[in-house]
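> Sharing a structure here in structure tokens format.
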Amino acid sequence: MTVKTETAAGASTLTYSKMRGMVALLIAFMKQRRMGLNEFIQKIATNSSYSCKPSEVQSILNISPPQESELLNENSSPPPSHSQQINLGPSSNPHAKPSDFQFLKIIGKGSFGKVLLARHKADEKFYAVKVLQKKAILKKKEEKHIMSERNVLLKNVKHPFLVGLHFSIQTTSRLYFILDYINGGELFYHLQRERCFLEPRARFYAAEIASALGYLHSLNIVYRDLKPENILLDSQGHIVLTDFGLCKENIEPNGITSTFCGTPEYLAPEVLHKQPYDRTVDWWCLGAVLYEMLYGLPPFYSRNTAEMYDNILNKPLQLKPNITNSARNLLEGLLQKDRTKRTGAKTDFMEIKNHIFFSPIDWDDLINKKITPPFNPNVSGPSDLQHFDPEFTDEPVPNSIGQSPDSILITASIKEAAEAFMGFSYAPPMDSYL
């Protein structure tokens, strides 16, 4: 294929390979320009004393436009291979902003903000958008947990039972996680309605949860906050683990940590003792959730928190006779107060996977979602909100949530927030849009 172009020197032939060279140079130029702009903006946002001088702009952006002679050079280099292309990584790809979305309903609330159902205006896809107030996060000094949640979400793209992150964006006052929209309801909601589950249904959910936890552990991530409120059902009835704010990264197989965190009903004894703990805290929590699915309440529950803590530390596990021996054996292993003797302490997920309780599970079929879930939430589509609390869905959506400010007045608090959440923004690489 050839293309004729007219120049001052006369007609010249532009071959297909030359066109590819032009495209490669232009793409490299655009990417270089984008990186320079990002550095320039960050410098302004985090340094109020910085005065931008026209002579400095070119050096800060660090770009020079490709010349026509470069684009039409007979000996131009071939376009870079995929492995040679510049990898911008998970940072400020400008492909999403709040005003790109139509915010339809509030579907949940948390300590720092709301979760909303939103539709992307361009492709009309539905997302769950977690909107957090920077001021509230900074006030409670939780910025590290938020950034950790963002980092963990970026690693979840390969597992079917973990919620996926599509974009993370920010304005001067808010952070936005654009996530998979899951509308089958929380496991907590279904447990409240049905009180407890039959053993086959509990086994199915426990297997999918264990698979998700095992994947996180393979990435050296400890989840630390497993509870029915953080376990969603998708539209077919598969579980989806969400809310990674308490995850601890970089915990090797024999690594330990010591931060006191979690939800009272599901805290492991070693956490309550304020002792160093490892990834087996997640297997304790799995035992607590499995117990609750089978019996209707967490294993050592009391309305009095101090009494419940004492139960977790000192009271023997009591199991009613209406479960199978394999379920009993697994619960006794997972809810072992000595973490070194707990099921999962030796070979982590493999020990769970090979337990007799899960012998009916084909794990390959499970991970590929070939096993029909024992319960179908029967949602008619994305707008079906039957499994969300009307307390949330009836609340009006604030107009400000969908606004992308055109101009920014740099203040001390905005500068502090810019520094605290630097690198938060994420979009898929540009190649995925081409």
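Our numbering is plain: 1 for the first residue shown, then up by one each step along the chain.
Cβ coordinates come from backbone N, Cα and C, glycine included.
As annotated in Swiss-Prot:
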- Asp225: active site, proton acceptor (ACT_SITE)
- Ile107, Gly108, Lys109, Gly110, Ser111, Phe112, Gly113, Lys114, Val115, Lys130: ATP binding site (BINDING)
- 101-358: domain 'Protein kinase' (DOMAIN)
- 359-434: domain 'AGC-kinase C-terminal' (DOMAIN)
- 68-94: region 'Disordered' (REGION)
> Quick one: pull the CA-CA distance for Ile107 (ATP binding site) versus Asp225 (active site, proton acceptor), whole Å only.
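Taking the Cα atoms only, Ile107 (ATP binding site) lies 21 Å from Asp225 (active site, proton acceptor).
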> Just give me the nearest neighbour of Asp225 (active site, proton acceptor) among the binding-site residues Lys109, Ser111, Gly113, Val115, Cα to Cα.
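If we rank Lys109, Ser111, Gly113, Val115 by Cα distance to Asp225 (active site, proton acceptor), first place goes to Ser111.
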> On average, what pLDDT score does this prediction assign to the domain 'Protein kinase' (101-358)?
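It averages 93.
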> With H, G and I counted as helix, E and B as strand and the rest as coil, say where DSSP puts Ile107 (ATP binding site).
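Where Ile107 (ATP binding site) sits, the three-state DSSP reduction gives strand.
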